[in-house]
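Written below as structure tokens is the structure these notes are about.
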Amino acid sequence: MSKSKSPETVKVVVRCRPMNEKEQANKFERVVSVDVKLGQIVVRNPREASASESPKVFTFDSVYDWNSKQIDLYDETFRPLVDSVLLGFNGTIFAYGQTGTGKTYTMEGVRNDPEKRGVIPNSFEHIFTHISRSQNQQYLVRASYLEIYQEEIKDLLSKNQAHRLELRERPDTGVYVKDLSSFVTKSVREIEHVMNVGNQNRSVGSTNMNEHSSRSHAIFVITVECSELGVDGENHIRVGKLNLVDLAGSERQSKTGAKGERLKEATKINLSLSALGNVISALVDGRSSHIPYRDSKLTRLLQDSLGGNACTVMVANIGPASYNMEETLTTLRYSNRAKNIKNKPRINEDPKDALLREFQEEIARLKEQLQKRSGEKRRGSKGGELGKGAMVRIWKERQRMMMKMEMTKEITGGSSRRSWRERGRPSWRITVWWLRREFGCSRRRRIKWKT
């Protein structure tokens with residue numbers, strides 16, 4: 001398997017929602033037509049406009065009209081990207097467009113309706129189905145969830161929602177969020193629970209354009225670590241990271257009727273989206289020596305996704321009505337430029353901070369400790385060697401204990417001790433009772449464990 005891909009452009013797809021009830025009640029004209037076969041979006045002038053102006057035509061990787069199904073969109077556009085994440089590449093999917101155009105529906109959909117599930121729940125199912133079918137590989141899946149609200153970063157999974165997080169940068173991993181919670185998940189149900197907890201903390205509000213308008217940019221991050229025996233006889237770890245981004249929509253105050261706090265939110269949203277547009281323009285310009293990633297928290301977090309080490313798909317959401325024609329054209333122009341951005345994705349192999357590496361090192365230390373105690377009875381071992389069955393039990397127990405620690409302490413409450421993510425490094429201390437139970441050690445003998 002190649003450890004890097006040739007430079008590839010950001011894939012851009014466009015999805016047009018159907019006319020909504022307000023647009024139909026006001027008898028607005030449909031000015032957008034979608035040619036799925038040619039991958040084209042055509043925006044024509046309304047009847048009352050000048051007939052001399054020709055329609056605007058845009059061509060993209062794929063286009064989807066108001067009759068498109070969620071699962072078709074996922075299978076055709078997003079499944080290949082998630083497959084690359086499972087191989088160890090970084091991947092980003094982000095929805096862009098005017099407020100009320102269906103970005104959140106595209107990303108999340110309706111969770112209790114299988115036919116209307118969005119990109120995020122479909123990616124959950126995809127990842128864990130792949131893991132369940134894999135052989136001779138070990139996987140560790142972690143989830144984080146944050147929002148950028150008025151240029152401040154909030155951990156949606158933290159019990160302290162008043163705490164704001166800071167961005168940091170390292171030469172080996174790039175930009176990251178300091179002290180962001182990360183939860184180990186072992187199933188679709190568990191990762192959905194993590195997301196549901198985060199969604200309860202998201203900033204939403206009502207405007208004239210959208211009754212449930214997202215007032216922040218939200219990023220759900222899935223980290224997939226995979227350990228596999230290489231041809232050199234050594235275990236190699238690949239780490240893929242999937243960023244699922246639901247951007248807040250661009251707004252015009254004259255249409256949304258935003259006032260007070262809503263107006264302040266809209267101003268911050270538009271500023272960050274403007275910074276995103278400036279980054280896109282600088283990347284495709286070719287003459288810019290400086291890319292203004294630092295102009296907003298959003299563009300810094302998307303730095304690898306735009307021109308860096310990632311496979312990226314941008315889904316532009318638009319509305320079909322004449323009332324929003326200018327906003328639709330703005331979205332299409334931004335998207336048309338974004339498809340010229342070139343990324344340089346590569347497999348993230350054997351990173352220093354891989355948690356699976358700590359699993360393996362801990363197991364090796366445990367094995368060495370047990371082998372030194374030749375006089376003690378070991379289950380599942382022959383000739384002083386730790387047997388395969390015992391190794392499997394260690395692995396499963398480590399996952400179970402880690403999952404219990406993360407989900408119980410952080411989400412449902414419980415122990416007041418800080419989680420390993422808050423302390424900055426994992427805690428792999430194996431208790432004496434567990435060793436006695438697992439390996440049949442004498443209750444009178446004390447096993448000293450170095451931490």
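Glycine is treated like the rest: Cβ placed from N, Cα and C.
Going by TrEMBL, these are the annotated features:
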type     : residues                                                    : note
DOMAIN   : 9-341                                                       : domain 'Kinesin motor'
BINDING  : Gly97, Gln98, Thr99, Gly100, Thr101, Gly102, Lys103, Thr104 : ATP binding site
REGION   : 369-389                                                     : region 'Disordered'
COMPBIAS : 369-378                                                     : compositional bias 'Basic and acidic residues'
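Feature map: annotations from TrEMBL on the structure.
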{"residue": "Gly97", "record": "ATP binding site", "contacts (Cβ under 8 Å, 6+ apart)": "Lys103, Leu247, Gly249, Ser250, Ala316, Asn317, Ile318, Thr331"}
{"residue": "Thr101", "record": "ATP binding site", "contacts (Cβ under 8 Å, 6+ apart)": "Arg17, Gly249, Asn317, Ile318, Gly319, Thr331"}
{"residue": "Gly102", "record": "ATP binding site", "contacts (Cβ under 8 Å, 6+ apart)": "Arg15, Arg17, Asn317"}
Count of other CB atoms lying within 10 Å of the CB belonging to Thr104 (ATP binding site): 24
Mean predicted confidence [pLDDT] for the domain 'Kinesin motor' (9-341): 89
Secondary structure of Gly97 (ATP binding site) (DSSP, helix/strand/coil): strand
Count of other CB atoms lying within 10 Å of the CB belonging to Gln98 (ATP binding site): 24
Other C-beta atoms that fall within 10 angstroms of the C-beta of Thr99 (ATP binding site): 26
In three-state DSSP terms, the structure that Gly102 (ATP binding site) belongs to: coil
